[in-house]
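Annotated CoA binding site per TrEMBL: SER39, LYS46, SER115, in sequence order. Residues annotated as domain '3-hydroxyacyl-CoA dehydrogenase NAD binding' in TrEMBL: 11-180. Annotation comment: TrEMBL describes 182-278 as domain '3-hydroxyacyl-CoA dehydrogenase C-terminal'. Feature annotation from TrEMBL assigns site 'Important for catalytic activity' to HIS136.
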Amino acid sequence: SNLAPVVLELVAASTGHSVVLVDTSEDILKKSAKGIESSLKRVAKKKFAEKPEDGEAFIQKVLKNISTSTDPASVVQGTDLVVDAIVENLKVKQDLFGALDKAAPEHTIFASNTSSLSIADIASSTARLDRFGGLHFFNPVPMMKLVEVIKAPGTSQQTFDALLEFSKALGKHPVSCKDTPGFIVNRLLVPYMLEAVRLHERGHGSKEDIDVAMKLGAGYPMGPFELLDYVGLDTSKFIIDGWHEKDPDNPLFAPSPLLNKLVAEGKLGKKTGEGFYKHK
């Protein structure tokens, strides 16, 4: 389990959708509920700075829209949309959606929040290819306006339109994507980060200089090495390895020896305290 579903819940519930958060254990759900409540308090504090009592009412109203469960098959019987934000593992996602497909009503739309797997591959474990699409949110979800809405070859126009409308109802800005590796953002961003590592590996620039150059010369808020540390080196390696396996002749997807070495040493970025940089 990771934080993505929790934040997605929060955004959906605060825009008036009734939401059920499903995870594997009550313990995880308790932690998630705490996370949702503290996020809500932060939002309310900003939104209702002048009127704390309105903020409290907002928190209670949103929390009323959220329930939790450890039994996805029973929950799915009463839902219009199922979004997964589980581990980036094709087999695990296929198993989940395959099981839910048998329990869900005919009209229910399935969507995955995957950032790097093929929607068609995930959907292939179900009998609802026409009612299956992608909804890729960006961290931190409450702040980031973008949602990539992915139309796989089997996704019907009606399903795609419903996913676009849902994104807008969350107050997000959807962009339309085809079911190609990395969709739009990661297809450009991951090779860019890897290209920065290769430039450094060739001795053509220090990490610090490359980061400063991209911030001051291209207006990026973070340099590529800072971004790799923020995203997680293991995550970036996982994505590039998956693409390389599918398209080994594409030089943009070539693995990086330096990235592989850091991941092998357990230096995964901010979350472990060290990646390309040391973090306090």
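In case you wondered, yes, glycine gets a Cβ from its N, Cα and C as well.
Location within the structure of each feature annotated in TrEMBL.
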residue: SER39; record: CoA binding site; CB count, 10 Å: 21
residue: LYS46; record: CoA binding site; CB count, 10 Å: 9
residue: SER115; record: CoA binding site; CB count, 10 Å: 22
residue: HIS136; record: site 'Important for catalytic activity'; CB count, 10 Å: 23
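Cα to Cα, SER115 (CoA binding site) and HIS136 (site 'Important for catalytic activity') are separated by 6 Å. For the binding site of CoA, formed by SER39, LYS46, SER115 according to the record, the largest Cα to Cα distance is 30 Å, rounded to a whole number.
Helix, strand and coil counts under DSSP for the domain '3-hydroxyacyl-CoA dehydrogenase C-terminal' (182-278) come to 65 helix, 3 strand, 29 coil. Rounded to a whole number, the C-alpha distance linking SER39 (CoA binding site) with HIS136 (site 'Important for catalytic activity') is 21 angstrom. A straight line from the CA of LYS46 (CoA binding site) to the CA of HIS136 (site 'Important for catalytic activity') spans 26 Å.
The predicted model assigns the domain '3-hydroxyacyl-CoA dehydrogenase C-terminal' (182-278) a mean pLDDT of 97.
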